[in-house]
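As written in Swiss-Prot, here are the features:
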- 15-50: region 'Disordered' (REGION)
- 18-81: domain 'bZIP' (DOMAIN)
- 20-42: region 'Basic motif' (REGION)
- 41-50: compositional bias 'Basic and acidic residues' (COMPBIAS)
- 46-67: region 'Leucine-zipper' (REGION)
- 126-146: region 'Disordered' (REGION)
- 191-256: region 'Disordered' (REGION)
- 213-227: compositional bias 'Polar residues' (COMPBIAS)
- 247-256: compositional bias 'Polar residues' (COMPBIAS)
Amino acid sequence: MQLCGSSELLTETDLGESQKQLKKKQKNRVAAQRSRQKHTSKADALHQQHESLEKQNHALRKEIQALQTELAGWGRTLHLHERLCRVDCDPCPVLLPSGCPIQAKQPSGQPAPLGYNGCQEQLGLFQTPGSSPRAQHLSPGPCSHESPGLLPSLLPSLAFDPLMVRTPLAQLSPSPVLSASSPSGSSLLGSFSKLDPLIPSPQDQLAPPQPLRQEQPTSGRLASSDSPAALGPECSQNREHLPALPGSSTHWQKSSVAPSPQALMAFPLLSSAKVHF
């Protein structure tokens, strides 16, 4: 009887433990299912994101290939145009027939290019007698206000050069570009215009000297009548028809009259500059 009672107690304890174990197993199964669902949901989201990125990458690759083909086509057309159309980008050539046109395009505040003054100087030196009237208009002729005392000093130095003797006397006058650009040239022209009424012309040098009071109004009239505005285009025609005098420089040097002391006292600029005519 005692053995049977002890066996019954053991079976009751085993049943309780087995039930607890079953409950734990069920809980573990539910937790495992939840974790599996979470992992599967995350994996599905990552897979969908990866597929979308692959689609975008494929579209971008197609666009890159299209742009590369277009770039290659533009490069070929550019290469063909460079062979056909060659453009020279020189700022200013050495010799120009009718002046440098780049100077007109330059703004007023910026300086002129380096080759512009050289173009104007070479146009003034290498001008032939039969040149265009536009080129002759650039350099003022002997009809303008120019002191005749400067020509005898320039002609002996140029008489030994055969190239410079062939150039007309109009080219020996100062260039308007140099006189306008350099302040020294403008000051010299101003002083020459002041001395112009006192210096006798070549026609007056051949005549006997007259008193100073009578010579000033006549020289002023001659200076006003010899201006290019008064003479007009006839001055250039008469200059071409006049014969060239071979001994004009020596004749002017011999026939030049020294200024009177009254003129030197009246104008101290002449005495200080020591100008000899």
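Using N, Cα and C of the backbone, Cβ positions are placed for all residues, glycine too.
Just so it is clear, the model here is predicted, and its values are computed rather than measured.
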### Query
Could you count the residues of the compositional bias 'Basic and acidic residues' (41-50) that DSSP puts in helix, in strand and in coil?
10 helix, 0 strand, 0 coil
### Summary
Averaging the pLDDT values of the region 'Leucine-zipper' (46-67) gives 96
